[in-house]
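Here's the structure, in structure tokens; my notes come after.
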Amino acid sequence: MFRCLMQNHQRRALVLFSGGQDSTTCLAWALERYAHVETLGFDYGQRHRVELDARQVVLRELRANFPDWAQRLGDDHLLDLGILAQVGDTAMTSDREIEMQANGLPNTFVPGRNLLFLTLAAALGYRRQLDVLVGGMCETDFSGYPDCRDDTIKSQQVTLGLGLGTRVTIETPLMWLDKAQTWELADRLGGQALVDMVIEHSHTCYLGERGQRHDWGYGCGHCPACALRKNGWERWVAGAAHAD
């Protein structure tokens, strides 16, 4: 089910790190695999800006609770992408009800977001000599975003390599995992300590709700992001209980 987590001491990684469940799990995956890992976040006027605070808390907790990973965890970077709110007026960047659109996509879809994220990550990685990009894109439990599809990511990898004239690898460890399997991967990587950290400190809720605590973490409990996280948690817990 999961890829082998052998360390690769020859390559350096840059993780697209929002502070959410998926990117936190991807960060742990990269820290287990690579000798040097840096993180990159984006401030694009997102409605759930609390995730920017969550990023720092997760990084702090990782350093404090996982000393081996702390030795491999390098600099954190944050880029201002306020222009995305101007280009794509969506429920992710404005106070409006989350709903499906006529094109079959939810209005939380920010056009070109992941394409821009990966382009900027590759440019930063080029300067920092980080030739592996790690992202939490996923085709299994996702909202239909076209820039999360495996074909999109593979195409972007080729384009970035050609445009930069160097080898670029985009790793997507969650691409074929559902949310229950993402919880399972976190447990496999860091045990209960990492699972607890994801619950307490990562942020997923599109509405930025941090006042309501659930078994699976904080959030409104109703938005699409919360629903995926909640359902994945319940399926993982049920599966673990059945295995016992």
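Using the three backbone atoms N, Cα and C, a Cβ is placed for every residue, glycine included.
Positions annotated as ATP binding site by Swiss-Prot, on the basis of sequence analysis: Phe17, Ser18, Gly19, Gly20, Gln21, Asp22, Ser23, Thr24, Thr25, Cys26, Leu27. Neighbour list (Gly19 (ATP binding site), Cβ cut-off 8 Å, at least 6 residues apart, same chain): Gly41, Glu51, Leu52, Asp53, Ala54, Arg55, Gln56, Val57, Val58, Ser202, His203.
Annotation comment: Swiss-Prot describes Cys205, Cys220, Cys223, Cys226 as Zn(2+) binding site. Every protein chain considered, the tally of other Cβ atoms within 10 Å of the Cβ of Cys220 (Zn(2+) binding site) stands at 17. In the three-state DSSP scheme, Cys220 (Zn(2+) binding site) falls into the coil class.
A separation of roughly 21 Å, to the nearest angstrom, links the Cα atoms of Thr25 (ATP binding site) and Cys220 (Zn(2+) binding site). For the pair Cys226 (Zn(2+) binding site) and Ser23 (ATP binding site), the Cα-Cα distance reads 15 Å. Counted within 10 Å of its Cβ, the other Cβ atoms near Thr25 (ATP binding site) come to 27, all protein chains included.
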